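I have placed the structure first, in the form of structure tokens, so that the comments after it can refer back to it.
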Amino acid sequence: MTTLPSSSFLNLQFRSHLISSKLELRVRSVAIARRNWRGVCLCKLRPGRPVSFRCRSFGSNDNEEEGRIRDQGKAGEDGEELSSERNSSPTSVSSKAPGISSEGPLFSSFQIDSVKLRDLLGPEKVDQSDVKLIKEKLFGYSTFWVTKEEPFGDLGEGILFLGNLRGKREDVFAKLQKQLREVTGDKYNLFMVEEPNSEGPDPRGGPRVSFGLLRKEVSEPGPTTLWQYVISVILFVLTIASCVELGIASQISSLPPEIVKYFTDPNATEPPDMQLLLPFVESALPLAYGVLGVQLFHEVGHFLAAFPKRVKLSIPYFIPNITLGGFGAITQFKSILPDRKTLFDISMAGPLAAGALSFSMFCVGLLLSSSPAGTEDLVQVPSMLFQGSLLLGLISRATLGYTAMHAATVSIHPLVIAGWCGLTTTAFNMLPVGCLDGGRAMQAAFGKRVLAGVMLTTYCLLGFGLGGEMSIPWALYVLICQREFEKPCLNDVTDVGAWRRSALIVALVLVVFTLLPLWDELAEELGVGLVTTF
């Protein structure tokens, strides 16, 4: 949902039958109607001034007229007339009979303020009659005593009830939800959120709570469109291609010299014959399968955690990347989450599954790399690769030994590369930022305020080099696609528990050690790579 900026143009095409059959005016608004009238209106929004509409109609002789109509009344289903001004003479317009008595084509211009325009074009608001009914039937001395009402939602389309809680918050919320369904059916969703700008905690313990009311069609995510399916398929194909490219690049010591020179020498301008890469595609597939399998397993973890909780997820939008094979996938919630525990569990399930698989592949690959039986499957990679991660570099050093690691190149199994890429991608997705898995888990465990502060720290760490060469591309990706907070749960107050918060802290420590690169002095001291060679 987007709002109109303060300086923009809105093209509107009016037809009389659309106004008479589909346009339902619930607030003070403007209606234009004329039998057999067709035209185009331009709307210009100016800060602090009324919104100016300039409309042009086209008749049989393509004549044009100009005028000005101002909002003078209300139009409703009962046929109330809306007064207007055109050349200083009022013209009556009826909602029952959408026509204007004057003959000939009409050119009209009218003005309304930006607030009325937002009400007309924005999301549908909560009915005031329903608000009055809900206050009478739901709230009271035994549940929640309402003292104040405020706008609720991104555009103020809902109502936030502030007051005093009269019982255990979980029990009161369950009772209010049940009564809301009895009174209004499935028309609204009720949210229990922390009271904004609260002066102190609740006397019963924990934060003070408020209750927000939104229409279901406004608060619940929309269905997946055909174009979203098409985009998802295209991104998945591109991710497969990037994984195959990673598998080919891992064989850099065996590639033709002209291929290597073209991709490594910035002065090389003449492209080589790409058919020379075809023999290497087959040998690149095992690594591509491993990297792609980790990303798919990541999404399976999310879906397996969401299924028993009856939470719907969108199709994954995989993000290709030629260095790691992929940046993971963007998966959206397609239903409102019941509580913060559900948000935490679903968010952590994907990284846990992908991390376990990646670490298993990494360890098995290291064992195969040190085994004489698997030497024919090994590939040569620069030892500088292992300086990209403090944790993984130390594990590799402990497994392969000082002699193997303190050299220009290291012979490793392709599973090591697949596991390394999977662990790095998982660590990036666990960073506590926006709608990343780590950001969602942090929001569930500690709330939006804590997440906002941690996000700023994370951006600073990425700017200082956390994540190595991938830190800046990843930060740009997050800023473009994943910077927003996750929407609140129905019960956005109940705590997730101490053990979940502890598990998140441990996971974030592992993330930092995975993404923290080894500086030259420490790498030389630990024997991770031959620093003097590069």
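Glycine residues also receive a Cβ, built from the backbone N, Cα and C atoms like all the rest.
Of the given residue ranges 272-291, 292-311, 412-431, TrEMBL assigns the label transmembrane segment to 412-431. When the ranges 23-43, 128-148, 317-337 are checked against TrEMBL, the one recorded as transmembrane segment is 317-337. Below 8 A, the CB atoms of the transmembrane segment (349-369) and the transmembrane segment (451-480) form no more than two pairs separated by six or more positions in the chain, fewer than 3 in all. Taking every recorded stretch in 381-400, 412-431, 451-480, 501-519 and counting its Cβ pairs under 8 Å to the transmembrane segment (317-337), the highest total belongs to 412-431. Sequence-distant contacts of the transmembrane segment (501-519) (same chain, six or more residues past either end, CB-CB distance under 8 Å): 344, 348, 351, 386-393, 423-424, 427-428, 430-432, 438, 441-442, 445-446, 465-468, 471, 526, 528-529.
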